[in-house]
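Reviewing the structure listed below.
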Ligand code: TRP
């Protein structure tokens, strides 16, 4: 379906929810959430994350979608249209953040593709957790493989974005997300029945408040932004393709709920298994990739389970990377008048090149920034700094500047009832900006 401005429009309401949930659910829930939880002391982190998702997270998601719906342009354009020229800056922060995130997102996305193949070549038949970890180490320190799979993943992303928003993205989500959901439920069943699994459940769900710190809260905020695709205008874009009469609060609640569920499920697979196999929760970025193969090895027909899981994991990552590339591409199309194909290919190549140091920083070459790998540094910069900064400005924007557009957009000009309008505005005006600032200060004080 085409709108008059030749921007696409969602062919159905479910199409929008699937695409927005597809953007949200990805590496953030299945790769990043478990490993950051493991490093941040477990359940306390989960609790803070839960709280942030359903207060600030959901409010900001509604704000972003409304900005897109009222602005009808990409992030930079929509902010400008509703608030004046200098507000385009918020969109700019988003474009830069999307660029940085995608540069390393492509690396991890490549891992999911590689693991589809590795499922068939010995990864699953070696049952020892030590061996699986060794295979992983060898893989990530092999520069050639890193670059090859990163390139492959980025190529896949480019192809989907190439085909435009409602064609490519909607179709991809319709089958994969329900399938992923079902497969993960089966995996939870397997993980929870391993001997020693309960210890992992306790680590993941029973908070130890002595582990609470400014740093943990900052990581939880970063994870909330990352997993919900907030703070960089990605949801602005999806909102800009939205027909007028949409229940944005309901859609946002569904997206937040789904994302939280998938994260929770990933944790319920990974932590019980980890403890059952005597592995380390703080193992870092490889956590998902060194734990799951051991679980699959304990299942009859493990190779097929593994391959199916990594295929779906890859698609989940792809629907997210697509939304990241779309942030950058749509800006070039809307404001510089570039052709979609040209913009997509050019930016896809550029972002891949910028991602090379991240790809190589996992063991092939030592590239450290502030004592962490290049990839971790890029992730910290984008997730814990740029995204919350974008979120802060978005909250202030709808809370204090474009609030009448906000009210109007959230109710579809009065067509959709919304009972919590005041609460929403209160969160955007006071709670979100103050919390983000305080968390910044508390978390960055090293
Ligand atoms: N939310 C995605 C994930 O969890 C990543 C992502 C996609 C994203 N688009 C985004 C993060 C926009 C921030 C902003 O994997």
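Glycine is no exception: its Cβ is also placed from the backbone N, Cα and C atoms.
Keep in mind that what you see is a predicted model, and the values were worked out from it rather than measured.
Now, the feature entries from TrEMBL:
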- 12-31: transmembrane segment (TRANSMEM)
- 43-67: transmembrane segment (TRANSMEM)
- 87-107: transmembrane segment (TRANSMEM)
- 147-165: transmembrane segment (TRANSMEM)
- 172-196: transmembrane segment (TRANSMEM)
- 216-241: transmembrane segment (TRANSMEM)
- 253-277: transmembrane segment (TRANSMEM)
- 303-333: transmembrane segment (TRANSMEM)
- 345-365: transmembrane segment (TRANSMEM)
- 385-403: transmembrane segment (TRANSMEM)
- 423-444: transmembrane segment (TRANSMEM)
- Using a Cβ cut-off of under 8 Å, list the residues of the same chain at least 6 residues beyond the transmembrane segment (253-277) that approach it. 17, 20-21, 24-25, 28-30, 33-34, 37-38, 42, 46, 49-50, 53-54, 57-58, 61, 129, 180-181, 184-185, 187-188, 190-192, 194-201, 203-204, 227-228, 287-288, 291-292, 294-295
- Query: Taking pairs 6 or more apart in sequence, does the count of Cβ pairs under 8 Å between the transmembrane segment (216-241) and the transmembrane segment (43-67) hit 3 or more?
  - Reply: yes
- Other same-chain positions with a Cβ less than 8 Å from the transmembrane segment (423-444) and lying at least 6 residues past its termini are 55-56, 59-60, 62-63, 214-215, 217-219, 221, 249, 384, 388, 391-392, 395-396, 398-400, 403, 406-407, 410
- Does the transmembrane segment (12-31) reach the transmembrane segment (172-196), going by 3 or more CB pairs under 8 Å (6 or more apart in sequence)? yes
- Cβ contacts under 8 Å made by the transmembrane segment (43-67) with residues that lie 6+ beyond its boundaries: 20, 33, 36-37, 75, 78-79, 82, 202-209, 211-212, 216-217, 219-221, 223-225, 227-228, 230-231, 233-236, 238-239, 242, 248-249, 251-253, 255-256, 259-260, 263-264, 267, 391, 394-395, 397-398, 402, 405-406, 409-410, 424, 427-428, 431-432, 435-436
